[in-house]
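What follows is a set of notes on a single structure, which appears directly below.
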Amino acid sequence: MRSSSSELLLDQQQELRKRKLLELAQPKKKPPKRTCRERIWFYTTSFLAMTAVGGGSSLLFLVPLYVDPAISTLAADFAPEPVKCVTTRREELCGILNCTWSSCREGCTSDMYSCTHIYVMYTTAPYYTDDGDGNWTSTSTSPSTSTTTTTTTTTPSPGENFTEDAVLLVNIKGCGYPPEVDCDNFTTMYGKVNAEFPCYYSRENRTVVLIHYDREEHVAIIIHYFAVPFIVTLATSVVLCVMYCDCRCGSERDRRRRRARRCAVEDARYVPLSVHDTR
């Protein structure tokens with residue numbers, strides 16, 4: 001009995017080995033080729049997914065670097081026309097407690113251990129310069145701080161009413177990155193006492209003054225760096241949802257579920273009757 005059982009086990013093991021060898025010897029089946037529709041579906045999905053991820057990732061960098069300063073600048077409501085500014089004093093400070101803000105700083109993320117405070121006084125009347133022929137024309141600064149030039153002309157009105165000391169900033173955040181922000185050039189031109197130049201004051205906070213302001217430029221930044229990526233990300237996400245998720249109305253889904261339940265109940269009723277008839 002023992003010998004017969006052992007022989008049966010050996011035979012079974014040999015059969016299993018033969019089957020495995022035959023399976024390994026058979027050529028592997030090639031995966032079925034994708035149809036043209038499946039290829040289009042795959043590449044469309046890949047493109048939409050990469051676009052959605054890229055748009056969302058770009059918002060993470062563009063919003064704090066460009067969109068937030070632009071919104072803050074528009075919210076400050078700066079005067080559209082330049083006014084006359086005169087530097088009253090300049091302070092060079094050291095220490096993290098003394099440097100809670102700076103008129104100009106290259107880099108906006110690191111801690112400040114040395115800073116420059118520039119204070120100015122300004123008039124609310126528009127700034128004019130003499131063109132040499134006795135004509136007075138309005139002037140403004142150029143968009144780039146590195147190419148802004150100071151002027152020493154005065155307004156034609158003899159009596160000028162200056163405000164109290166205000167803070168001069170290179171932009172609403174007081175910081176930036178080269179080549180847009182050049183703090184050495186900024187401090188050299190605007191940090192001299194009694195230096196005279198056109199500037200823009202905030203009508204919301206009259207203690208804040210900028211050397212350059214262009215409303216259309218900041219609106220364009222918000223549109224290009226926030227609105228466009230946000231709309232692209234939202235549109236691609238909606239298309240992916242429609243392609244892969246059941247985005248139909250809830251009423252239609254409920255109807256289909258009710259139909260399936262009715263069919264199941266009817267099948268359960270008819271099955272016992274058919275079995276009884278066969279008996």
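Placed from the backbone N, Cα and C atoms, the Cβ positions cover glycine too.
Predicted automatically and left uncurated, TrEMBL annotations should be read as such.
Look at TrEMBL and you will find 137-158 tagged as compositional bias 'Low complexity'. Residues or ranges marked as region 'Disordered' by TrEMBL: 137-159. Per TrEMBL, transmembrane segment is recorded for 40-67, 222-247.
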Long-range Cβ neighbours of the transmembrane segment (222-247) (under 8 Å; 6 or more residues past either end): 41, 44-45, 48-49, 51-52, 55-56, 58-59, 62-63, 66-67, 70-71, 74, 253
Long-range neighbours of the transmembrane segment (40-67), counting only residues six or more past its ends (CB under 8 A): 34, 221-222, 225-226, 229-230, 232-233, 236-237, 239-240, 243-244
